[in-house]
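**Q** Following this message is one structure expressed as structure tokens.
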Amino acid sequence: MLPSSKMLTRIVSVLTCCLALASVHSTPLQDFCVAEPNSKVVVNGLACKDSELVVAEEFHLTGLHLTGNTSNPFGFKATPVTVAQLPGLNALGISMVRLDFAPWGLNPPHTHPRASEMLTVLEGTLEVGFITSNPENQLFKKVLNKGDVFVFPMGLIHFQRNVGYGNAVAVGALNSESPGVITIANSVFGSNPSIPTDVLAKAFQVDQNVIFQLLAKF
């Protein structure tokens, strides 16, 4: 049975409303919205600072030329540039991160719940990859060299590892001023409070003693 003209009108109205809302969400309503982290106004993000009080320094950040400290168990350091470090990014939908890797350093499996990421290798050789969602859980993996670019779709688990003999440097561009990071192992074994050990043991199909050992590391 074909839908009535009244039903078609309703469908068109709903679609028009959705498109209008999407347009409002993505279209700036003012020149900028510098973050005001101390504001008591509750919004989806950070409230805007009075534009008359904004200064140039709030659009400026230095230090990305500095090598990150990779003296840690992962041999890896991320130096983010999000709205938390650069208030002028608020409401612009962009951010970036510098990634430093010691030889065989690893940025462990993680996700960005609010952003896709485009990675560019500046120095060295990185093995990178992401995994699709259930039930396929397909791994897309590639070895990148200087000048190569790779994209990680929003929300999917991904990783980077230095497979060269020297240090490696990369820069990631993300389409959110607050992309978020969920490191899988930290979240599962380092949550507060902890996930019950019997839940983890059943999920990973291992003895609870193995879970206790893993929890002790986080």
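Quick reminder: no glycine exception, Cβ is built from N, Cα and C everywhere.
Given the structure is predicted, the values throughout are model-derived calculations rather than measurements.
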**Q** Please work out, from what TrEMBL records, which of Cys17, Cys48 forms the disulfide with Cys33.
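**A** Recorded disulfide partner of Cys33 in TrEMBL: Cys48.
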**Q** Around the oxalate site recorded as Asn107, His112, Glu117, what other same-chain residues have a C-beta within 8 angstroms of the site's C-beta center?
**A** Val97, His110, Thr111, Leu119, Phe152, His158, Gln160, Gly172, Leu174, Pro179, Val181
**Q** So around the Mn(2+) site, His110, His112, Glu117, His158 aside, which residues have their CB within 8 A of the centroid of those CB atoms?
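**A** Filtered neighbour residues, in order: Thr111, Ala115, Phe130, Phe152, Leu156, Ile157, Gly172, Pro179, Val181.
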**Q** Mind checking which of His110, His112, His158 has the fewest other CB atoms within 10 A of its CB? They're the binding-site residues.
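**A** Across His110, His112, His158, these binding-site residues, the one with fewest Cβ atoms within 10 Å is His110.
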**Q** Do you see any of the recorded positions Cys33, Cys48, Glu117 whose C-alpha is within 10 Å of His110 (Mn(2+) binding site), and which ones?
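**A** Those close enough: none at all.
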**Q** Name the residue among the disulfide-bonded residues Cys33, Cys48 whose Cβ has the smallest number of other Cβ atoms within 10 Å.
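**A** Across Cys33, Cys48, these disulfide-bonded residues, the one with fewest Cβ atoms within 10 Å is Cys48.
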